[in-house]
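Taken verbatim from Swiss-Prot:
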COMPBIAS  922-932  compositional bias 'Basic residues'
DOMAIN    29-133  domain 'Cadherin 1'
DOMAIN    134-242  domain 'Cadherin 2'
DOMAIN    243-347  domain 'Cadherin 3'
DOMAIN    348-452  domain 'Cadherin 4'
DOMAIN    453-562  domain 'Cadherin 5'
DOMAIN    570-682  domain 'Cadherin 6'
CARBOHYD  419  N-linked glycosylation site
CARBOHYD  545  N-linked glycosylation site
CARBOHYD  685  N-linked glycosylation site
REGION    798-841  region 'Disordered'
REGION    902-932  region 'Disordered'
TOPO_DOM  29-692  topological domain 'Extracellular'
TRANSMEM  693-713  transmembrane segment
């Protein structure tokens, strides 16, 4: 009763132990199953999902698969149920031969986590193989003299099954002479022997037919048979005998072919023919006869094929010795193959990637692989390594699995790919190794902005360049690849002189070549400051910029411009004054020119091209000063014409010319007296023009006559008052004067008081001259006279009026003349002679002020011929020579006031009623004009 109570407790204890063992195996990462051989394909083996503690759906999502090496896939995973099933036919005998138990090992890989689980499946045997003999019929020869008890070894049967399904017993059919005895060998196998129970008599029965049956222990029992034919021989009653029934040797697997490994010997007690022994290898179904060879006469056992420990660890060889008549004996040779390190480790790549991003974090898994060595023992112990200078390391997992992971951040710009060499080495002596190569590409990210080769650029463009010409190119390099390295170029938005930069230059977005969109002019634009932007095509794009300075180079495209003497607007030509008393080197005038170019293109030189009197004047090469080269002579003409050329130093040089008219005279009256000689002798006769002018002048004359009468009345009234007051004239010091004074300037003052009557040289017609308003401060030459408007009038009227005018005009004051300081030249360069006189009454002062203010107003409103202000010769302060008026010239002796018998002269002359001293010369000239 107590025993019955303890029974449940024992069961619980056994169950607990089994559970603990299962948990231990699971903890150790080992899953074990058992399955019979030859079961149908798709048969259930075990529930992997349950044993791993995962749901079937999670198992499928994590990517589970079976990893095995070196054999066909025998098992498969059902992704829906998570169960392990058979995938192919399983033959235990093919997989494990006689080994027991038959264990198959493989691994389960979870690809999501790269986790390995070991699975072991035991293949259980079924009785699917019957015992088989090597030969179906065996012939034995026994001498009739053989005594009872003689044993004859028989060929044993082979059963591929193991355990109870293996060979269990032998049986011999009943007979009177033979019995069967079964012995167990050292290898555990059963070997049948035929035992002679009774003496044979050949004459009674020459041949005995026996049947040997081999049976296994399966259910049902399977068996195999072999027929034995025993022939009874005469007289030879001794069979050969081996020196030992079983031979054992051990040889390394690298033993060379042809090597003798053993010599067997059998002896026969008979003599002569009955004692001649020959040796044979017993035919067997294995590969023994293909690996070894036994020489029939010597008994030498040699190798005829390479041994391989990995294919077979030992070989069992059956040998026979037979004498002449046919008596034989058998023995066994057990050859043990010793392992040598003849197999290098092998790589089995389970999972590997060919590309990794350069921004991957350290610890990123690159690949998973297994290392296996087919050798055994220390020869199969493997280690795996890789070069130390690579940013990778190996992490060992179970069952010689390794993970290749990164150790630091990667940079594609330093290394775009890695050729990783994995080295597996075994523990043999000498050690063998195997290399595996993994080509890993580093995928690019846009982590580098384009970079210019220089921090700034500068280039030079000649002006007047053709539109669309290439002027420069910039290049930026991006160390990234593909789109991340594709650089496009553009300009930063900017304006130049109020216009967008894009209207001046453009840039090819792909090549970085800059093109000029317009022809540059150095005088308008001398440089451009541009910011060039280089942008890659990454996401997001990166950019950088660089400054580019474009300098416009000057070309000699501007001829010199003459500032002085300027071309007058009324067609007149300026006349320079040179006194006859001028010494050599006297400064007559100065030609001033500028060139809008720069540098050597603006460097000017002056040359005298032509002169009416060669050798009289010279021109400064770099100053443009016109000076007398010798003293003036009486024979020198009054009018001297000079052609001055101004040339720059460009390539090719450009030039300009100016014509100067120099009047050689000491005083203004001399010039006025000889003015007729400077006028043209003929004026083209244009009848149509004369008709229009007559009508126009007649209308203007009426208006002008009324204006003159009113103005004269007003002036006489003011003059009368000034006589009563007898106010002394104030000095006008500090007042600037123009460079030179011409007849037009005087007429601008005189035209409000009178009109002039003259005769033309080519006709007897009379002309009434109404002077046009003259805005120039220069003397009038012949060219200016051609633009006067003439109106015909009766000859008698003109002569009468002229006689009245000349009879009432007082001789001019000849005391006034230009001093050396008043002539063109540097301000204050020469001392004046102080021979001029100053106005000394109110009327004289007012007249002089009116004349100066008229000239100043003309210069101020820009109508002057030279375009300058009063007293500046029409030049700016930069270019023009600085002249100051040392003495104001007295024009009073040349001014006639209608209705008065006096002329505007100094106070002394007015009181005395005489001409001033030195006026005789001028009086004679006036007399000549009256005669004409």
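Cβ coordinates come from backbone N, Cα and C, glycine included.
Values in this document were obtained by computation on a predicted structure and should not be read as measured data.
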Given the domain 'Cadherin 1' (29-133), which of the listed stretches 243-347, 348-452, 453-562, 570-682 has the most Cβ pairs that are under 8 Å apart from it?
348-452
How does the model score the domain 'Cadherin 4' (348-452) in terms of mean pLDDT?
92
How many Å separate the Cα atoms of residue 419 (N-linked glycosylation site) and residue 545 (N-linked glycosylation site)?
37
Over the span of the domain 'Cadherin 5' (453-562), count residues by DSSP class, listing helix, strand and coil in order.
7 helix, 50 strand, 53 coil
When you tally the Cβ atoms that lie within 10 Å of each candidate's Cβ, which of the glycosylation sites (419, 545) has the highest tally?
545
For residue 419 (N-linked glycosylation site), which DSSP three-state class applies?
strand
Counting each residue once, how many in the domain 'Cadherin 1' (29-133) are helix, strand and coil under DSSP?
16 helix, 44 strand, 45 coil
Within the domain 'Cadherin 4' (348-452), how many residues are helix, strand or coil going by DSSP?
7 helix, 54 strand, 44 coil
